[in-house]
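What Swiss-Prot says about this protein:
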DOMAIN    10-285  domain 'tr-type G'
BINDING   19-26, 83-87, 137-140  GTP binding site
C-alpha cells in the first residue's frame, strides 16, 4: 500500500544554518527545535547540553563538527534543518550540506557582523546558488550593533541586504523587534522562555526610525521589482502582500537578502525567523532543477521535484551511529523510495537494498516507511555507498553531479598504544575515512607507520578523539607534518634502460621519455607517441604504471611528484627478454635520470590566514606573520580591531594559536584555510631533503 505524503512539496523547506564559529548557530537551531515542539528542554551550547551537537567532542568543545540533520514543523510546513560547522577545518561539511539545501539562514554575531568564516561560507553558498536570509543574533550582547552588522553585509559580502525588522533596544535593553512590513512591534516576556510575546503598535520613540527603514526597504525592492517600482514612482500605496511577494521573489533570485534581528540565547525573535523561512526561502519546486547525466546517452537531464518521477537521490553524508550502525544521509531530488526496496548506486553500478529509512532529529531517530521527493532522510543497509554517490531507481540510472573534495594538507603519524589495538585501529580509520572524504589514512609500506591526513590540527585532534571514544582505541600521535609535493620546472628528454642477464631468461626494457611541467592542479598526464612499434603496444601500460608508481615516492625527498606530463616517444625491446616488469623498471629509471635536468622542486601548502586583533597589538601580529615567511596582502578595520589578510606556509603555522594568544592577551583570533601550493625557498628545500634523507638535485 502506498504511503501518503505528510507535507506537500510547496510546504517543504530544506535549509542550512551557517555562520562563523561562535555566532550562535547551534543555539539558534536549538530554539527553532524548541519552539516547533521538537524538544522540551532548551540545551545551552556553553553548558555542553545542546541537542544538535550530539557527538561527545562537540558537546565538550561547544562547536559543531558534523552536520546533524533534523526535521521540524512550523505553520503547516515541514522544515528540514542541517546545522553546519563554522570552524574552517570543517568547511567540507559546509560544502557538503550546501549541495543538498534549497535555502539557508546566515547567522551573524551582532557585535562583529560579517567575520572571516562568514565570508567563506557565504561564497560557498553563492557557488551553489543558495538563497539566504540573515539573522543578526546576540542582540543582547555588549557592543551589539544592528546597523553596523547590516553595513558589513554590504561592505564585505557585496550583497544587497536590507532589514525587514529593527531591534527594540540592544544589549541588556533588547526587548524585541519591529516588523517593518506590518509596522508592529513584538515585545517579549522575559519569564516565558520566549514562548509568549505581545504584538503592539510601534513605540513612539521608534516610529520615525521604523518609517525611514520601511521606506528604505520599499526603495530597495523597487530596484528589483517592476510592479513595486511603478507604484512607488506613482506614489501609490503598496500592500503588505505585495511587499512580501517582492521580498520572496528577490530572495529566490539571489538579488535580495532579508535581514532579521534577535537573540537566540535570550529566546527573542526566533519565531519571526521561522516565519521568514516559510515566507521567503524556497521549496524544492522553487529552485533550479538539479542536473544529472544519463549514463547511456551521456546527455544532461533535469531532475524536477515530483513523486511521480523515477527515484533519484544524492548520498551526502555517511555516519556511524552507535545503535544502528552505518547511516547514509540522502537528499531525494525526485521520486519516492520505500524501506526494504532496492536502489541502484549509479556511481558504482551496484544494486543496494535499503533496510530501513529514518527521519533524524539530531541523534534521535524515527522510522518512516517511505521517503518522498524533496525529503532529507537517513538510510540503513547501504554497504557500498559513500559520500557523493548517486542513488537511483534500477530502471533509470542517473549520475548526479558528484562532489569534489580538497586533498588533505596536514598529516600525523598514529600508533596504537598496544599491539592488540592495531586491528581495531585499522577498522576505526577505515570507518572514519568512509564518513569524511577529506580525511585519509594510509600505512607507509617501508616503515609500517600509519599516517592520517586531514584539513587542519583540530580536524585530526577530533579524529583521534573519536577513535578513543567510539572505537576504544588509544593511540599515540606524532608531531604534525606538512603534506609537501614535488614537481618539475623544466622540460627534459631522458632514457631509462633496464638490462639484466644472469643465466636463463634475462630482462630487457628501454624507453625514452620527455618530461614537461604541467599546469598546477592538472596532475600527471601520460602520452604514448611511439611510432613503428619500437616499444610494443602490450608494454606501454607498464611504462605508464611504472612512472605512476615511481612518482608516488618523488625524486627529492619522498613526496608525491605532481603536475608533470610524460611523453613516451622512443625505446627498444628484446624478442625474448622483454617483459612488463622490465619496462616498468625502465620507466622508473627514466624518472630517476630526469632529476639532473628537469629542475625538480618541493612545493608546500600555502594557507590564507585572516587575523583579527586590537589595533595596539598590530605591530606584533605583523611581525609574527613576516617571521613565519608570510606575505601580508592587506588590512581592514573591523570595529575597534584590525583584520590582517596574509598568506603563510602551513609549515610555519604550527603552534600559532598560542603565539597569537600570548601576543594579544587572548584578544586576537585567526582563521586559516588552504589556498594553493608554492615552491619552497632553496634553503628550506635543502633542510627538507636532509631531514628526509633524500637526494638533492644537482
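The backbone N, Cα and C atoms fix where each Cβ goes, glycine too.
Owing to the predicted nature of the structure, the values given are computational and were not obtained by experimental measurement.
The Cβ of residue 19 (GTP binding site) has 30 neighbouring Cβ atoms from other residues within 10 Å, across all protein chains displayed. For the domain 'tr-type G' (10-285), the mean pLDDT of the prediction comes to 81. If you take the C-beta of residue 139 (GTP binding site) and look for same-chain residues 6 or more apart in sequence within under 8 angstroms, you find 110, 146, 167, 170, 174, 261, 262, 263, 266, 268, 269.
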